[in-house]
Amino acid sequence: MANRNVSVVTEFILLGLTDNPELNTVLFVLFLSIYFVTVVGNVWIIAIIWASSQLHSPKYFFLCQLAFLDFCYSSVFIPKMLVNYLAGQKVISYHGCLLQYSFVSMILTTECFLLAAMAYDRYVAICLPLHYKGLMTPTFCTHLVAACYLLGSASSLTHLRGLLSLSFCGPNIINHYFCDIPLLFQLSCSDTQHNKILLTVLSGMTSVTTFLMVVGSYVGILLTVLKSPSTRSRYKAFSTCVSHLTVVTLFYGTVIFTYLGSSSSYAPDRAKILSMFYTLLLPILNFLIYSVRNTEANEAMKRIIVR
């Protein structure tokens with residue numbers, strides 16, 4: 001009992017996407033390209049929003065935060081993957097593994113609440129246009145974003161505290177390309193039942209609450225738009241929401257399918273494939289969806305280039 005909370009394992013081995021060494025060079029180039037596009041794309045969005053006074057609105061303030069989260073999310077694990085490919089090893093330290101999951105958890109939870117805040121912003125803009133400036137003030141938007149980060153941090157710290165209470169006596173092989181909590185539960189030699197319940201409750205509450213907020217906002221938008229006699233007004237309202245709806249669908253869809261079921265039925269191979277979508281591709285898709293299809297952002301970019 002005295003050694004229950006002592007971690008014998010000092011490092012973990014991340015198997016990655018494949019154990020074929022011949023593919024290391026290909027994967028290194030692929031992930032380096034993905035990371036480069038993600039960083040440049042999302043930093044470019046942030047720069048355009050801050051440099052263009054026409055984009056200083058709640059909608060683009062939230063978009064700026066989403067781009068920042070995508071940048072941070074990719075930076076949590078892709079640089080480590082690149083270093084491992086260059087060094088020819090797949091090792092991550094015990095504390096590094098726990099910190100990596102903590103940041104992933106914090107960013108995912110924060111993004112859930114941020115997507116809900118973005119849906120509320122669209123609801124107020126379309127359903128309560130006359131009250132929009134009075135409701136979505138800079139102070140309120142700042143507090144809303146701060147609340148998203150605080151809730152994400154609180155959830156992450158709760159899981160980190162639970163992980164620190166577990167013992168890891170071996171084996172230390174993680175069948176993934178980053179430290180995912182269901183796999184850490186499987187490797188622990190402690191009783192993880194309490195941790196699993198906590199994960200299910202917190203994740204469930206976050207997912208259900210934020211998803212219902214998004215659905216509620218868009219139901220209100222749909223009802224308002226259908227009452228509009230103008231076809232042009234309907235098209236404009238739907239076009240302003242389609243980008244956010246696309247991101248929400250992709251985000252919740254992949255996350256739910258990845259973690260569907262209990263951690264005991266967690267399928268690493270399926271999880272690796274699905275998690276590639278929301279960890280590697282979604283940050284790039286967010287950039288493309290919110291920039292390429294965004295007329296205001298494109299016009300602002302042209303004005304900056306002309307300068």
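Placed from the backbone N, Cα and C atoms, the Cβ positions cover glycine too.
No curator has checked TrEMBL annotations; they are predicted automatically.
Feature annotation from TrEMBL assigns domain 'G-protein coupled receptors family 1 profile' to 41-290.
Long-range neighbours of the transmembrane segment (26-51) within the same chain, counting only residues 6 or more positions beyond its ends whose Cβ lies under 8 Å from a Cβ of the stretch, are 16-18, 60-61, 63-64, 67-68, 70-71, 74-75, 78-79, 81-82, 85-86, 280-281, 283-284, 286-288, 290-291, 297, 300-301, 304. If you look up TrEMBL, you'll see 26-51 (among others) marked as transmembrane segment.
Residues or ranges marked as transmembrane segment by TrEMBL: 60-78 (among others).
Residues 59, 62-63, 65-66, 69, 72-73, 76-77, 80, 92, 144-145, 147-149, 151-153, 155-157, 159-160, 163-164, 178-181, 184, 206-207, 209-210, 213-214, 217-218, 244, 247-248, 251, 255 of the same chain lie 6 or more positions beyond the ends of the transmembrane segment (98-120) yet place their CB under 8 Å from a CB of it. Feature annotation from TrEMBL assigns transmembrane segment to 98-120 (among others).
Residues or ranges marked as transmembrane segment in TrEMBL: 132-152 (among others).
The annotation transmembrane segment is assigned in TrEMBL to 197-225 (among others).
Residues or ranges marked as transmembrane segment in TrEMBL: 237-261 (among others).
Only residues 6 or more beyond the boundaries of the transmembrane segment (273-292), in the same chain, are considered here, and those with a CB under 8 A from a CB of the stretch are 17, 31, 34, 37-38, 41-42, 44-45, 63, 66-67, 70-71, 73-74, 77-78, 176, 178, 180, 243, 246-247, 250-251, 254-255, 257-258, 298, 301. Per TrEMBL, transmembrane segment is recorded for 273-292 (among others).
The list of residues near the transmembrane segment (197-225) in space but at least 6 beyond its ends in sequence, with Cβ under 8 angstroms from a Cβ of it, reads 109, 112-113, 115-116, 119-120, 122-123, 126-127, 151, 155, 158-159, 162, 181, 233-234, 237-238, 241, 245, 248, 252, 255-256, 259, 262-263.
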